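Among the features that TrEMBL reports, Ni(2+) binding site is placed at A:H2. Residues annotated as Zn(2+) binding site in TrEMBL: A:C73, A:C76, A:C89, A:C92.
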Amino acid sequence: MHELSICQALIEQVTRIAAEHGATGVERIGLRIGPLAGVEAPLLRHAFPLAATGTLAETAELVIETAAIRVVCTDCGAESQALVNRLLCAACGSYKTRLISGDELLLANLELTLPDP
Amino acid sequence: MCETCGCNITPGNEHLVRAGGQHATTADGRAAVSVLQSLLSENDRAAMHNREHFDRHDVLAINVMSSPGAGKTSLLEQTIEALQGQVRIAVIEGDLETENDAERIRAKGVPAVQITTGSACHLDAHMVHDALHRLDLDEIDVLFIENVGNLVCPASFDLGQHRNVTLLSVPEGDDKPAKYPVMFRVADLVLCTKSDLLSVLPEFSVTRAETYLRNLASTVPFECVSARGDGAIQAWLNWVCDELAAQRSRLELGRTTRPSGSTDTTARFRADEDGVHHHHHHHHHDSDHKV
């Protein structure tokens, strides 16, 4: 259940950014998570209210965008889609590939409520 | 300084990474802020400080991961005996409860710090940082960080180590790399432990285990070892000594390194959002990795 510790880190990050902008609330939190990040989106959603209670982000909507797994082959240069436990080149079958998407664990964007000027 | 954790985003340059300048406004008048920081940026920052700390004291730090009971502590006990007088070793032990593992290591005559995590299923960089205050790094060549036995969570937390080693013991079955891809993908070395049991567990195929590992696009060494009997961990000892030599050459050049599976996802997305299709910041932090 490291999703709870990740949520706690997320809330700290979000409330710090909200404070920097003088926001009175956080409306929406956008995350981008790859299947190879080792974090389960449903568990994260479940843990979120526990971590958010009593913070500026308490009523925020958590939007999780899943990133596709893509690799580029260092043998033939082809770029292809891959599976979480099969990261081989779809063109030539080589295992000498480099992951170019699919392991991200990012706070992508926020929507904040700002006080009326 | 570092593109990985977002610590390079400061109030002075944040307008550069935030879409539409300081504030873009949505239709209903909310302020939209583009952030692009790793969710683990606090941990990553602490990990970076740990790594600087290791480098300043000429220490090679190796994170040892596996499921519970795969033989991490037994391997370290044998390693300490085998390298006695050649390499000065210390161990940080992570477990939910008990000092048992640290006591086993201390019985071999080397310093050991036990971290008891309570219910936490992994070590994080802050826990390791606290443990470092209880070690004299000037007296250490190689620091082994024995993570909590778990093939899931420890893979996601950088501790500041230079290398990851993942153990797969024969009784666990040869398909563990296919079942736990996140963990095995970040390994710089995979050790098939308890290989003395291969004769009684013929259903475990070493070839199949290695194939599952290669399916993860892993090119790292895969070695069979047994902590029982003499000389059965030689491949592992050679790897440790080679890595220590590599660490020393890097430090002479003022460079450092990170485990091979860790990539720079924030930079990747920043480039995408700019609409620039440039060569990703895939500098892998070190080009001399794995000769």
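Backbone N, Cα and C define each Cβ position, glycine as well.
All features noted in TrEMBL, drawn onto the structure.
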{"residue": "A:H2", "record": "Ni(2+) binding site", "Cβ neighbours (10 Å)": "24"}
{"residue": "A:C73", "record": "Zn(2+) binding site", "Cβ neighbours (10 Å)": "21"}
{"residue": "A:C76", "record": "Zn(2+) binding site", "Cβ neighbours (10 Å)": "13"}
{"residue": "A:C89", "record": "Zn(2+) binding site", "Cβ neighbours (10 Å)": "22"}
{"residue": "A:C92", "record": "Zn(2+) binding site", "Cβ neighbours (10 Å)": "14"}
If one measures from the C-alpha of A:C89 (Zn(2+) binding site) to the C-alpha of A:H2 (Ni(2+) binding site), what distance in angstrom results, rounded to a whole number?
31
Between the Cα atoms of A:C92 (Zn(2+) binding site) and the residue listed as 'Ni(2+) binding site', what distance do you get, rounded to the nearest Å?
37
What subset of the binding-site residues A:H2, A:C76, A:C92 has a Cβ positioned less than 8 Å from a Cβ of chain B?
A:H2
Between the Cα atoms of A:C76 (Zn(2+) binding site) and A:H2 (Ni(2+) binding site), what distance do you get, rounded to the nearest Å?
38
Expressed to the nearest Å, what is the distance separating A:C73 (Zn(2+) binding site) and A:H2 (Ni(2+) binding site) at their Cα atoms?
32
